[in-house]
């Protein structure tokens, strides 16, 4: 039961991280190469681009125009939102299958199946987010080293790192939920095939 609860906590933590990472704007940060004379910070996310000047005044531009919505932005939005939906469904489904809850306690088989389904949904959400964040990270790093002559080079931001870590948490949380559920289902099948007699002395009469 402890491993199952840990898996659920990891999934919930990953879901919160996915939401924070998706809707914050620090997926890409303007790299300064440790140049302290730079007085302008720039951030890019999936929804808007922001800049902060020397007076700490922030100016943001939303990606409402199709000109700003590149293929990467549209794909990132779609996959991250899909990942959040999968992870949210996983949290709702898996909670009824946890052994520490009283939902479906009259039917242990259904309880284990609910936890298993929640684990599968969490794994799917984690894999989706892991794939898109890894792709974004690779693209940012590749552009940084290829465009070394440009004055503006972006580096990986905190929001992207948070989304990447959250996807790993969802993935491992779902794996734990699935593993615990499968183990318990298999033990139930073994007991049903080989029931233990309450009066063993009668088996030899």
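The first residue you see is number 1, and the count goes up from there.
Keep in mind that glycine also has a Cβ here, set from the backbone N, Cα and C atoms.
Automatic prediction, not curation, is the source of TrEMBL annotations.
What TrEMBL says about this one:
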TRANSMEM  5-24  transmembrane segment
TRANSMEM  75-95  transmembrane segment
TRANSMEM  116-141  transmembrane segment
TRANSMEM  161-185  transmembrane segment
Under a Cβ pair cut-off of under 8 Å, which of the recorded stretches 75-95, 116-141, 161-185 contacts the transmembrane segment (5-24) most often?
161-185
In the same chain, residues at least 6 away from the ends of the transmembrane segment (116-141) whose Cβ sits under 8 Å of its Cβ atoms read 7-8, 11, 14-15, 18, 21, 27-28, 72, 75-76, 79-80, 82-87, 89-95, 97, 154-156, 160, 163-164, 166-179, 181-182, 185
